[in-house]
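Enquirer: What TrEMBL records for 43-150 is domain 'PH'. For 160-195, the entry in TrEMBL reads domain 'EF-hand'. Residues or ranges marked as compositional bias 'Acidic residues' by TrEMBL: 473-488. For 473-494, the entry in TrEMBL reads region 'Disordered'. Taken from TrEMBL, the feature domain 'PI-PLC Y-box' applies to 507-549, 565-588. Residues or ranges marked as domain 'C2' by TrEMBL: 591-716.
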Amino acid sequence: MSCIRKEPEKSRSEELLQYARGQKVIQMNVKLLGLEGDPDLQFLLKGGDLLKVLSPSWKKTRYFRLQEDCKTMWRESKKTFKKNDTFSLDDISAVQMGRQSEGLKKNTEEQVEDRCFSIVFKSRRKNLDLISSSEEEGKQWVKSLQKVVSNLNNLSRKQKTEHWIFSCLRKADKNKDENLSPSEVKSFMHLINIEVDDEYVEMLFKKCDRSQSGTLAGEEIKHFYDLLTQRDEIDVIYEEYAKTTGFMSAQNLVDFLLKEQREKATLADAHRIIETYEPDENAKEKKLLSKDGFLMYLNHPDAMILNPDHKDVYQDMSQPLNHYFISSSHNTYLMEDQLKGPSSTEAYIRALQKGCRCVELDCWDGSDNEPVIYHGYTLTSKILFKDVIKAISEHAFKTSQYPVILSLENHCSVEQQEVMARHMSSILGSALITSPLGDGMPTNFPSPEELKGKFLIKGKRLNKLEDTFAEAAADDTDVTEEEESNDEDMQKEKNTKVKKLTLAKELSDMVIYLKSVHFHGFEDAQKNLSFYEMASFKEGKAMKLAEESVASIHNGQELTPCTDMDMNQGRFLVNGKSGYILKPAFMRDVATEFDPITLTRGDWLKHKTLHVMVISAQQLPKVNQKKSSIVDPLVKVEIYGVPADVAERETEPFDNNGFNPSWNENFQFDVYVPELALVRFSIEDYDSSSDNDFVGQYTIPFNSLKMGYRHVPLFNKNGDLLPSAGLFVHIMVLDAE
């Protein structure tokens, strides 16, 4: 068992007490970020003019400034009747100096390189491309933004919650007198996603207004905060084990870790936890853990639901490539819809940053003998093939060092195929695999470990790989274009006729380990196909094949992509987000008889029972910030895996409270194949008259669950973390009888 050392945090309400004593919200936020007197933060708070770039002809001056919450960037708009725009620093993925973005490369000249920078957002939102007045100023903007974003990201969950509450207090305090009137209290509660009637506000207000002044000030605001943030469920757990004068001793903590969390813990582990998380110096000196320290520990990422041992690469990465699930992307180039949305190199960058290891390039002839990428037979925009390869080369191995597969959907003429080959060769250089590893004809795939930092091409090939080791290679330049496409455009092109594709030898020779072929059935594949030959299927056909020959699909030696975004993110959440997950042993051994429909059993099949208690949630976001309604959250717990394991349970909705709803509902699931199972926690805003709205979700491999009382982080619909939101659950996994 391990714990991360960090500076001790303040007790839960100490920062609010500073607010109550009259300290300005901006000073509190600055202090919370650890940036008191920092010149970079002061630079952002002062702000300045920047040139916003949208096109070669559209470059307009806008004033940018960080707001008092030290989290929201304000941007002046010159449009009539349009409000000034804001965006949260939480939404920033990166700040890049120079003309790195697609927009700046396309819309600016080289001479402004040193003055340019881009703000890259986490979601599918377009980059913000900017030009400063000087190189020095541009570097100052980049340095300052990077520092504040980094400090925000490094806040603990408790600190993020307090930062958010400070901001809501500032918004609710309409007259800025740092006191709260009854109407401001109600406004504040609405901002933090709680709907309360006037009678409740009056009751709560009277309880805190000890001075009977008609406003809350000083210690009264602290008392109000304490009442609001009280975690009764945590109190119950803590008091069960706090046997030493109202505190947890080190031995009490060991008892909790052993009995509830099912962790192997020693007194030394307990002492490290107290030293790391206890905010009260007097308690720490006596080796005691207070309630605040206990909650801080439970909120730390390593104490949450995901097994911390699975966060880094922990699986054997030396097995053949086809022994792994590989994180894959379809129509990678699209930023929005598949019919008329923009194509962009930024879409490739974002996919790679999320750990994707197989990206699709839909290649067509372009003007000036430069191939382009877009969704054929649609109105989607086009991007240059060479620009995509450059972007992939620059960003491929920043999240994961394991190999990247370039899956080519080739619709180009021979001439432009030759251009494609030249671009990949010159841009990717020695990182591109152009011949088998080792000497002689390979008999199996190399491993992800052997292919670290390398690119593989998946596509058509003129001949068998074996032919390259023969004395004379075939001169034929035609291949049959029969492979199943993932897109309808290929079907339109074929018109039910077998079509010949003329293939450039330079491009063909780059296909080594991943040759695309047509699928003629499992028997034919086992008899005639080499290990490196593989077929791709549309989802409908894949499902049909699965129904007809389940065992062949699951025991097959093909590379298998996932399609559903949440499932895909959850599957590849572990193993260092490397994009490679080792398949279960029974899927790596072709001799294993396993039918996931009938669940043919062997010694390897371990039936488990999962018990989930959904206890509470914290700081859920509003579904639509512009709506006045408060969420009525319900929680769904779903199991995905083999058909026998698929199940779903849900809680009752909790009315008008997204801040601290509670359920205390228990569910039980039978899981027959835990190696393939995923557990998904999702929260929806209940609506009796229409479909529920999505609030957040978290998907995790079954075998990466930690038992006991655990917080569950939540992702938004784009797969980005919701900073302060979360679930609190109890997990127990037992061997089924």
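Every residue gets a Cβ built from N, Cα and C, even glycine.
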Enquirer: State, in range form, which of 43-150, 565-588, 591-716 has the highest count of Cβ pairs under 8 Å to the domain 'EF-hand' (160-195).
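Expert: Selected stretch: 591-716, with the most Cβ pairs under 8 Å.
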Enquirer: What is the number of residues in the domain 'C2' (591-716) that are helix, strand and coil, as DSSP sees it?
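Expert: Computed counts for the domain 'C2' (591-716) are 6 helix, 60 strand, 60 coil.
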Enquirer: In the domain 'PH' (43-150), how many residues does DSSP assign to helix, to strand and to coil?
Expert: 35 helix, 38 strand, 35 coil
